[in-house]
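Annotation comment: Swiss-Prot describes 1-233 as region 'Pyrophosphorylase', evidence class sequence analysis. Here Swiss-Prot flags 13-16, LYS27, GLN80, 85-86, 108-110, GLY145, GLU159, ASN174, ASN231, ARG320, LYS338, TYR353, ASN364 as UDP-N-acetyl-alpha-D-glucosamine binding site, drawing on sequence analysis. Positions annotated as Mg(2+) binding site by Swiss-Prot: ASP110, ASN231. As annotated by Swiss-Prot, region 'Linker' applies to 234-254, with the evidence given as sequence analysis. The feature region 'N-acetyltransferase' is assigned by Swiss-Prot to 255-454, with sequence analysis given as support. Annotation source Swiss-Prot lists active site, proton acceptor at HIS350, citing sequence analysis. Taken from Swiss-Prot, the feature acetyl-CoA binding site covers ALA367, ASN373, TYR374, SER392, SER410, ARG427, and the record attributes it to sequence analysis.
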Amino acid sequence: MQATPRPLALIVLAAGAGTRMNSDLPKPLHTLGSAPLVAHTIAAGASLEPARLVVITGHGADEVEAVLQDIAPEAVTARQTPQLGTGHAVLQAAAALEGFEGDAMVLYGDSPFFTSETLQAMRIARAAHDVVMLGFRPADPGRYGRLVMDGDTLRKIVEFKDATPEEREITFCNSGVLCADAATLMTLLAQLTNDNAAGEYYLTDVPELAGNAGLTATAIACDEAETIGINSRAELVRAEAQFQSQRRAALIEAGVTMQAPDSVHFALDTHIGRDAVIEPYVVFGADVTVESGAQIRAFSHLEGCHISAGAIVGPYARLRPGAEIGNNAKVGNFVEVKAADIAEGAKVNHLSYIGDATVGERANIGAGTVTCNYDGVMKHRTDIGADAFIGSDTMLVAPVTVGAGAMTASGSTITEDVPDGALALGRAKQVNKPGLATKLRARLKAIKDAKSKD
């Protein structure tokens, strides 16, 4: 019988200044896949079902902590002031983990690509060792810290500048990710010294301290692509390309059809069902779900919305937060939908704005329809019943209700509720003036000619 895994605490380091980003925004809040970098790290760790989440903040702490309230309200934060190295940063979690009986895993808020499989492998290795580090074998070891192994035992981590010629030949390098018993880790961290050129306390000293204390340390390997950290704008650009490539491949493998995958942009939390079709140049912002069999046509932009099975969106559609598109509904070209429910089988085929509204089943919204939902201070709702027909160029001045099976005449401005089955006409009577257009043109031309002579 498989043993129950020990409780786990995630410690996410998000305190660095990120000076190479050349930005007023704290580095953990720069976006990748429409989500803050730190959100990627938390999402990877969430697959391990941690009992506690501790995020170490520092530079821009107020901003980082405010974002954490939205993306991870369960997180406990601890501030590192001043920033004195990675070991010092992890030690700031001691108070939050007081009395915690379980393991602690250290992750980084600027390293978004560690997979749940790799992190789970660390937990498995932890069952046989007191300290587990995560290593990788890069194509170019360069100036990475080296993992000095003796068989299965990790003796120490040596920085490149301090390594002997023999140690520099080692190709097994340090990613910085660590897993250990939480109490043991805090005990070892308390023994760190800052006897180095930077005057900082390094997490990389923990394996050697563990060995000195009679504990065992080891390291497991992951793919180099998982270890990428982001320290500059250029690295963020490369990371975005890597993220998008991975998401496209994963969705195609899961049964999503993409006609030009390199032109489609996904977010961290994009969910798409199999047999959905995504045409070229579609952008998915945060919080979008597309159900099986739906079709998203070219040049559409979606965020904060849900598209049900069989629905068709676009081309050139914009779905904003709160848009709910029902089964087999259609939202066509140059249509914007916000905070609105488009029910099953309804059609909004072109050139319309539908906001703060409900559109009933099988209703048909004509071209140029606008729900006039904002009075300059407050938003108001428009409710359109099932099987209603809204004529082209109708202005629906909210709050207003159009009943089931009702119709509005083209060009109408609707300011009052329309009963079920009624036809509403809200436009001025047309009056034709014979010959007046010819006279008006002649008069205007004479005025223009007179001005030209002046």
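In case you wondered, yes, glycine gets a Cβ from its N, Cα and C as well.
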Rounded Cα distance, in Å, between ALA367 (acetyl-CoA binding site) and GLY16 (UDP-N-acetyl-alpha-D-glucosamine binding site) is 52
Pairwise CA distances across ALA367, ASN373, TYR374, SER392, SER410, ARG427 (listed as binding acetyl-CoA) top out, in Å, at 22
Nearest by Cα to ASP110 (Mg(2+) binding site), of the binding-site residues GLY16, ARG320, ASN373, is GLY16
Across all protein chains shown, the binding-site residues ASP110, GLU159 give the max Cβ-within-10 Å count at ASP110
Same-chain residues at least 6 positions away from GLY85 (UDP-N-acetyl-alpha-D-glucosamine binding site) with a Cβ under 8 Å from its Cβ, in sequence order, are ASN194, ALA198, GLU200, TYR201, TYR202, LEU203
By the 10 Å Cβ-neighbour count, the most surrounded of the binding-site residues ASN231, ASN373, SER392 is ASN373
Rounded to a whole number of Å, the separation of the Cα atoms of GLY109 (UDP-N-acetyl-alpha-D-glucosamine binding site) and ASN231 (Mg(2+) binding site) comes to 11
DSSP assigns the residues of the region 'Linker' (234-254) as 20 helix, 0 strand, 1 coil
Most Cβ neighbours within 10 Å, among the binding-site residues GLY16, GLY109, goes to GLY109
The answer, for which of the binding-site residues LEU13, ALA367 has its Cβ ringed by the most other Cβ atoms inside 10 Å, is LEU13
